[in-house]
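The annotation compositional bias 'Low complexity' is assigned in TrEMBL to 8-21. Marked as domain 'LIM zinc-binding' by TrEMBL: 83-142, 143-200, 201-260, 261-318. Marked as region 'Disordered' by TrEMBL: 1-21.
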Amino acid sequence: VSLPEVGAAAPPSAMSSSPIPVAELPRTAAAQQLDELLADLGHMQSKLSGQGVAVPVESSLDNMLGSLTRDLQELGIRAAPAGICGGCRKPIAGKVLTALGKTWHPEHFTCACCGQGLDSQPFFEQGGRAFCEEDYHQAFSPRCAYCAGPIREKVLTALDQTWHPEHFFCAHCGKVFGDEGFLERSGKPYCRQDFLALFAPKCQGCERLVTDNYLSALKGVWHPECFVCTECLSGFAGGSFFELEGRPYCELHFHQRQGTICHGCGRPVTGRCITAAGRKYHPEHFTCTYCLGRLQKGTFREWGDKMYCQACHDKLFL
């Protein structure tokens, strides 16, 4: 309440049947008492209106304040309101709170969500409205991808999501990531050790993890040094190999496994083949052991695991 430097009447509560001369009260004391009275009346009125208390018109505090203001004006004292309350839209007499570019009765400056008074505690602003700390974070703070709770302080952004720093850890072992960072699989973060153990392919030869150079063959991956003949462990210098039951073989050992080695020369039979006595021969190597003449199927004789033509067989053994 703004008071000019003039005398002031004593508050109604101090009046008796005999009026007290203005001169009996110092001007500063009168102004102080008037401020206190208006503040008390203003606070009581705003509290009652905020609580939905029904007050009779003839005894309402609004009427009392209006009557008091008129009485003061008759005495030459002009009482101006401190502002219009942003909450109840009524004039403010007494204590005033300034926030969000507006003036408020202290008890009307409340959280837009829960209604808690904010005159004596920190508040947060959003869209021109005030919120208590808890409601602000629940409504507007980013959410942690792990716990779904609001992030009140430091926020970590990764995998297109936000996290509490302490909740961004390996999805397998739970270890918080250090300087080595993380690797992602199906939207989840993993430390390097677990990522390799869980997802890195294993060499078909040694069954160890393949993390660097590799060869892709036989529906799998191989360390270059592990892709060798299963039998003799020699590499494939010519760039070609033979496959048997999912394993690589050189030509010689492939045919050995297949039983297609010429019994005459000991080399693989890859073209025309003669089978006799359970063995395979190049046609040119199917010959009489004694005269070395080429044998015809059905016209040879076997003796001691060797083949002979009919004439040599009869000459040597009959």
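In case you wondered, yes, glycine gets a Cβ from its N, Cα and C as well.
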Whole-number mean of pLDDT values that fall within the domain 'LIM zinc-binding' (201-260): 88
DSSP-assigned states of the domain 'LIM zinc-binding' (83-142) in counts, ordered helix, strand, coil: 11 helix, 17 strand, 32 coil
